Amino acid sequence: MAVPGDAARVRDKPVHSGVSQAPTAGRDCHHRADPASPRDSGCRGCWGDLVLQPLRSSRKLSSALCAGSLSFLLALLVRLVRGEVGCDLEQCKEAAAAEEEEAAPGAEGGVFPGPRGGAPGGGARLSPWLQPSALLFSLLCAFFWMGLYLLRAGVRLPLAVALLAACCGGEALVQIGLGVGEDHLLSLPAAGVVLSCLAAATWLVLRLRLGVLMIALTSAVRTVSLISLERFKVAWRPYLAYLAGVLGILLARYVEQILPQSAEAAPREHLGSQLIAGTKEDIPVFKRRRRSSSVVSAEMSGCSSKSHRRTSLPCIPREQLMGHSEWDHKRGPRGSQSSGTSITVDIAVMGEAHGLITDLLADPSLPPNVCTSLRAVSNLLSTQLTFQAIHKPRVNPVTSLSENYTCSDSEESSEKDKLAIPKRLRRSLPPGLLRRVSSTWTTTTSATGLPTLEPAPVRRDRSTSIKLQEAPSSSPDSWNNPVMMTLTKSRSFTSSYAISAANHVKAKKQSRPGALAKISPLSSPCSSPLQGTPASSLVSKISAVQFPESADTTAKQSLGSHRALTYTQSAPDLSPQILTPPVICSSCGRPYSQGNPADEPLERSGVATRTPSRTDDTAQVTSDYETNNNSDSSDIVQNEDETECLREPLRKASACSTYAPETMMFLDKPILAPEPLVMDNLDSIMEQLNTWNFPIFDLVENIGRKCGRILSQVSYRLFEDMGLFEAFKIPIREFMNYFHALEIGYRDIPYHNRIHATDVLHAVWYLTTQPIPGLSTVINDHGSTSDSDSDSGFTHGHMGYVFSKTYNVTDDKYGCLSGNIPALELMALYVAAAMHDYDHPGRTNAFLVATSAPQAVLYNDRSVLENHHAAAAWNLFMSRPEYNFLINLDHVEFKHFRFLVIEAILATDLKKHFDFVAKFNGKVNDDVGIDWTNENDRLLVCQMCIKLADINGPAKCKELHLQWTDGIVNEFYEQGDEEASLGLPISPFMDRSAPQLANLQESFISHIVGPLCNSYDSAGLMPGKWVEDSDESGDTDDPEEEEEEAPAPNEEETCENNESPKKKTFKRRKIYCQITQHLLQNHKMWKKVIEEEQRLAGIENQSLDQTPQSHSSEQIQAIKEEEEEKGKPRGEEIPTQKPDQ
């Protein structure tokens, strides 16, 4: 009996025995055949299969054979037409006589006089139909190659045939509609009408380069057919040529199907319609393998048939680039074998790279950020060049959990002194550069998942820490632990790689019945997010107790360092006596077993909390997104969440002591959107979506407050309006399922609820789709660009541009953000808006940090809520296949989309508000301004957009603004009550006994919303409309005065930054912006309220009124200066505002 490994080797290695007559074919047949295939037994006896198998397997051989055969047939026909092939003399004479008799009365319907028949030189002796047949075959060949080119460029077969149908329509219009005679079909008007019809169809279907080629070919074919097909009527000749073209395209489609596809070509059915043009920028695509010339050659010489890549370079594992089943089939049992060869670093190559970077640094035209990045790489290379070559054996991928192996850069090891940066170099480098040097290659530092330097402080040590703790084999869930993990060198090891390796193993084990996927905030799968996710698992949010409204209820709730996550597991390899289900901590995501109930029980309000004891731990990987906004405190990971799990005494100020957290439970059925998926009684309100003051609270009343479907309904309408369902082939049911589960996960709290998420989603949609005066777009005519996007890694629908159906402005004086932001990035912005406050507890980041909440410990006190929102929302997305509405995105697109969503959510942290505003102001005031072809600039614009949408309440009309103000104040008061019950100092504006509503809103507008709107407006990105001269003369009083204060100077700055000189003619024109008008009006309203309160307080006690009055007058003066000089940079105001934050 053959061993499976031997069978696999027989499949992969050439077979030298078997069929003696055709050894090559037999070898290929054995190589490609499936052992279980029924063809395997009969392939030896089928001589035709043995001969054709090499042709089918080799793309070059099949293409060469096809081209050669067609060329031979064409040459043969041409020679027959010219009479160069011998024929019977009597037949030639008979053909000549018949030709003379037929030519005597004249050709009916002919265009040019003269004899019919073949070409000069003996062609008349042949059959009179041979020349037309040869000509039609030539036209068929021409369209064959053109059709093959179109199909391989991504054009579908019906669209290609539709182009020729458009030509037929043009011919019918010329001959029947316009009444052009047969003698004038070659005239310029007739040809112009036909080619115009073809050009119109081409403009909608093809890119510019393909369209020009199609028009040129069709024009030439039409002319040749009208001149040369003399055996047919003139009116029939173009249709015969088009018929030959259809046959040629059909033949091309058939040939394309039988020829093997290239590895880089995407499936034709996934390209979609080409109605949306693509972008100009080149999108990098993952290659299957990267090699270093000298290193790989040395490796191959030392280990014969085994080839290795340089593990010092980052690489995406193959199992992420293809399905697990395909990867397992390709690698076979050999994938688990370990090679003990060493990895060498070529010092000469590093020296050459250092020299190239030094030459680049000598260029004075490089931007400062590029120079800084290159200087960082140069310093790293120069440091490594002082050391000898590093030899480090590869780690055996089969790692036993009982070995307690550790591979963390932040811990002591024998190789750390060689790999880490010397302390003398760390002291000599500036902090910003040091953070860049220590960064890791992950999705945080690269939007597309490729290795690029990111100026954000991403620390390598935090993202590369992996620990495999010792676990007894008798653990109840030991079968669920990853037992095989491929580890690369620590310098290139990332969290995304570690998790993907673990998930690859877990996917195999969890494919068995009863296996459940473990959801953890730390996991971030890189490949298809739902591979390996069983159908029996679900993450469901169930709120045990809502936030209390008084201190009495908060004092009665239970304590717990872990939020227990219990579920039942079943596995085939579990022993029957194990009945205790494992418990998962929902804060850190790791399983732990419950200890003895008698061991130090903590009882409060009748609830006993047992101290957990850790028995098992899977690979721990800290998320890269935790370090986006970090300070320069330390490069060593602190496992505070692990310490929190083992901590027995609970502090009084713990967040768990104040409220019962939501429990995540694994259920048998997912949360699915109810029927009907789209509610049909909301059309009257949904028609107002294109207004800034959308009546969202009226929509809540119509839907029903207890229904909770507002987010999914509005999301569907906005996605459908933008055409995103068609552009990305989004399945509607999965889309509605996820967004319904997402809105259910929002808690019923006063402000940060599903209504707020819907309002933010509507705001970002409005800011990106409505007309913006003076904004130039990178595309024209709604999606038509140049033909320079054919090398892009994405299809047109994915990297093209989408427009709202409500955007019907044809004036080039207006533009919109959706014309500058690709569709994938725009959809990521919308999804981020829907996710951005998911599972918000109704407390601020400062409160969670002060009370040492589990989330604060998990995310190291940095952007705690924002990290939690993103992690929880993505965990929900990856928990069920019913939620995967991004199923048609490939690996690179999904990684890019996930990166954009997370970055947009993290940007909503108000602690980083002034940093974003200052960075954006610097970009706007730069000579170049916003470069829409730069992905980083577009990301910054999207971050500013979602920040403005998140705090858009003061920019709404008075009625909506007061409703939102009531919600945030009530939520603040609940936090103040809890702080008082815990003995903590009450945060400003959160004391229910001393309300300061007017001061809160006035300060928030003056210091937060005002500067943000000012920066956004100064960049020329605020929707509005030009104020015509007639409107200016008709306006009086307030509107015009307010417009003179703010938008007029702003338009000067906008026009100066525009590249087009035409915009300078509108330098003096005014812009009416509804958003800024509401902001100014609401600010004036709160100032009047403050003045009235001060006046009433002054009547009672004049002496106590002096200090607050002077302080308020300073704030009022500051906002007046802002209104009058809105176009000026606000750099001098920011330092005075930060202390107020």
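The backbone N, Cα and C atoms fix where each Cβ goes, and this holds for glycine too.
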Per Swiss-Prot, what member of Asp931, Asp937, Asp950, Asp966 joins His756, His836, Asp837 in binding Mn(2+) at one site? Asp950
Segment assigned the feature region 'Disordered' in Swiss-Prot (from 1-42, 379-420): 1-42
According to Swiss-Prot, which residue out of Ser294, Ser428, Ser446, Ser536 bears the annotation phosphoserine? Ser428
Of Ser520, Ser987, the residue that Swiss-Prot annotates as phosphoserine is Ser520
If you check Swiss-Prot for phosphoserine, which of Ser465, Ser492, Ser527 comes up? Ser492
According to Swiss-Prot, which residue among Ser438, Ser550, Ser586 is annotated as phosphoserine? Ser438
Residues near Asp950 (AMP binding site) by Cβ (under 8 Å) yet at least 6 apart in sequence within the same chain, in sequence order, are Val760, His836, Thr908
Among residues His752, Asp837, Asp950, Gln1001 annotated as binding AMP, what is the maximum Cα-Cα distance? Answer in Å. 21
What mean pLDDT does the predicted model reach across the region 'Interaction with SLFN12' (669-1141)? 81
Taking the Cβ of His752 (AMP binding site) as the reference point, list residues of the same chain whose Cβ is under 8 angstroms away and which are at least six residues distant in sequence. Tyr746, Asp837, His840, Gly842, Glu971
Long-range neighbours only, meaning 6 or more apart in sequence with Cβ under 8 Å: which ones does Gln1001 (AMP binding site) have? Pro954, Thr965, Asn1082, Trp1086
